[in-house]
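J.: Sharing the feature lines straight out of Swiss-Prot:
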BINDING   Arg11, Gln94, Tyr95, Asn96, Trp97, Tyr124  FMN binding site
Amino acid sequence: MKVGIIMGSVRAKRVCPEIAAYVKRTIENSEELIDQKLKIQVVDLQQIALPLYEDDDELIPAQIKSVDEYADSKTRSWSRIVNALDIIVFVTPQYNWGYPAALKNAIDRLYHEWHGKPALVVSYGGHGGSKCNDQLQEVLHGLKMNVIGGVAVKIPVGTIPLPEDIVPQLSVHNEEILQLLASCIETTRNK
């Protein structure tokens, strides 16, 4: 079973890689999940570098049924990445009470690829990012994803990179992340 951790920030100065690495380690180090044989792929939207969606396809994403119908090669590549995932963990900062435009752009470039996939949202920010977490979950429901829930991780405002002493403190969220992921796994197996 393949779990994708999609990093929602593309800023040059960001803590998203550290939060995504924390989530990945939490999953990999879980004794409860060790027999699940999970393959974890961290997907960095900064590296994928999708152009801003400007209706470059003749059809809107909801009308596209095959990866080959996308006009843009980066969108075709993105479609293949998402199609290969069984479970998706969105890791996103909260910017001005919302989630980043790059993440919205990446989500909006596709449609059918998201259907039925279990998802959870790990947001972070000075207040945990609960507003963007709720917004993103609503959008994912609209894409017919099976949204299991979200975790809001509070980090010190303006701390880039995260101080070494902060990352171990994130472990208070381990159990919540693992419970949500276990629900995603169960949902995937029961499809």
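In case you wondered, yes, glycine gets a Cβ from its N, Cα and C as well.
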J.: Would you mind pulling the DSSP three-state label for Trp97 (FMN binding site)?
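T.: Its secondary structure by DSSP: coil.
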J.: Among the binding-site residues listed here (Tyr95, Trp97), identify the one with the smallest other-Cβ count within 10 Å.
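T.: Among the binding-site residues Tyr95, Trp97, the lowest count of other Cβ atoms within 10 Å belongs to Trp97.
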J.: Name the residue among the binding-site residues Gln94, Tyr124 whose Cβ has the smallest number of other Cβ atoms within 10 Å.
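T.: Comparing Cβ neighbours within 10 Å for the binding-site residues Gln94, Tyr124, Gln94 has the fewest.
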J.: If you run the three-state DSSP split on Tyr124 (FMN binding site), which class comes out?
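T.: Once the DSSP labels are grouped into three classes, Tyr124 (FMN binding site) ends up as strand.
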J.: Which is it, of Arg11, Asn96: the one of these binding-site residues whose Cβ has the most other Cβ atoms within 10 Å?
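T.: Comparing the binding-site residues Arg11, Asn96, the most crowded Cβ belongs to Arg11.
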J.: Across the listed FMN-binding residues, Arg11, Gln94, Tyr95, Asn96, Trp97, Tyr124, what is the farthest Cα to Cα distance, given in whole Å?
T.: 17
